[in-house]
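Novice: Below: one structure in structure tokens.
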């Protein structure tokens, strides 16, 4: 290798010492180079010789570059043979005929050098291995498979997988919705209204709007307008869910605790009864009234005076378009009917336990505890008494129509008295809640008790029937609110939850349904008003 490089360098040097017109190429190849005759070409062939010489030099330089890149160390361009004139190469007639066995042909690609090093190594070997792997991969794929077809097939498979996954998700969602539909819809607390300073004795709903009125032992009546706290779907707005709601107005006028309230949507009035033996009539505030606006004396419309003792219950006529009657039950033993549409003399009728005003019962006065108009027969008014007797009176005449036999468990004490009665909205039934924890059902026509059950762990204080007539709600001193399926003969309890905290020996004192919306409200001894929504 070194001899060949030295010979090439000597040839280049010897050419550079001659004039351009007398230069000739002399290249020695092999281990025993022999001088060749120097041939001076004629002038006519000088250009051909120069071109051949340039081509040979370019090939030689290329071979030298590849040889240096493959060989760790290269020979010095200055060799002993380059210091002396080189003998002329031997004459040859062809490239292969005059070559000896020791001679080598110049390999422009450096294949001979690679053979001397024992084959491909380093980067070239890695390149060969990579090409072999590519060849193996090409053999694995049939030559007749189109690349576009493969991509289309893969995309089709992916779409099928996505469709299958979507079907599974839809089936799972349908299964969950079906399970939710079969679950019973429950009542859940949505609003907790804190403003009263003492026990809330009575609550009532507006017949069409989300307006609530409450009466308390603190002597005040509060009106709450929840319309602004609801979203478009009728649920609780996010803002209202995280803030306390203040009453729109607080009515003050009673000198003692408020025992019962009622709300007339048609008249735009609120009614309240108190231990001060009066009934107050309040005008509902205008829609845009500010919460903390100044007191408006014009909101206090009237005061009904006629009773001589505490008033325990008041009830509006169920059809205000027909009549604007208001019934009241007082500790003075009388029932009074008031015409709220009248001016100066609203009192229309009054009677006692026997149905006749001022009739004596041998010195014994039976006190009415609760009353209700009968929706199935609007001429009748049911009244309960402390001796566990329920009487049905004619509203116009005040005469006794029917007496219910509900005193089987009465022991002449208040521990067995009737606390609350309610007339069914669609059936001829009157339902009573007793201090001895029982709820009893009476037939309005015959007066007989058709069903009796122990409903609470303490005295039953409040009752109401939903507008559909299928569910009864009850509240008791055990602080629980219970809902009963009265469409079945078993009258099973479908839901129970704690409504209010117990204070002293009292718990839940009032619970009412909304007449047109899926809402319910309750008041208790803890001084809180709670509002519930159904199925949300």
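Any Cβ shown, glycine's included, is placed from N, Cα and C.
Per TrEMBL, the features are:
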type: REGION; residues: 1-122; note: region 'Disordered'
type: COMPBIAS; residues: 12-37; note: compositional bias 'Polar residues'
type: COMPBIAS; residues: 43-84; note: compositional bias 'Low complexity'
type: COMPBIAS; residues: 112-122; note: compositional bias 'Basic and acidic residues'
type: REPEAT; residues: 193-228; note: repeat 'WD'
type: REPEAT; residues: 251-284; note: repeat 'WD'
type: REPEAT; residues: 304-348; note: repeat 'WD'
type: REPEAT; residues: 453-494; note: repeat 'WD'
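Describe each of these features in terms of where it is and what it packs against.
Specialist: Counting only same-chain residues 6+ beyond the ends of the repeat 'WD' (193-228), those with a CB under 8 A from a CB of the stretch are 240, 244-252, 254-263, 265-266, 270, 272-274, 280, 282, 284-285, 503, 506, 509-517, 519, 521-531.
Look at the repeat 'WD' (251-284): DSSP puts its residues at 0 helix, 21 strand, 13 coil.
Across all of the repeat 'WD' (304-348), the predicted model scores a mean pLDDT of 92.
Non-local neighbours of the repeat 'WD' (453-494) in the same chain are 184, 187, 419-422, 424-427, 431-441, 500-502, 505-513, 515-516, 520, 522, 524; each lies 6+ residues outside the stretch with a CB under 8 Å from one of its CB atoms.
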Novice: With a Cβ cut-off under 8 Å, give me the same-chain residues at least six positions beyond the ends of the repeat 'WD' (304-348) that come close to it.
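Specialist: 256, 259-262, 264-267, 269, 271, 273-275, 277-281, 357, 365-373, 375, 378, 381, 383, 393, 395, 398.
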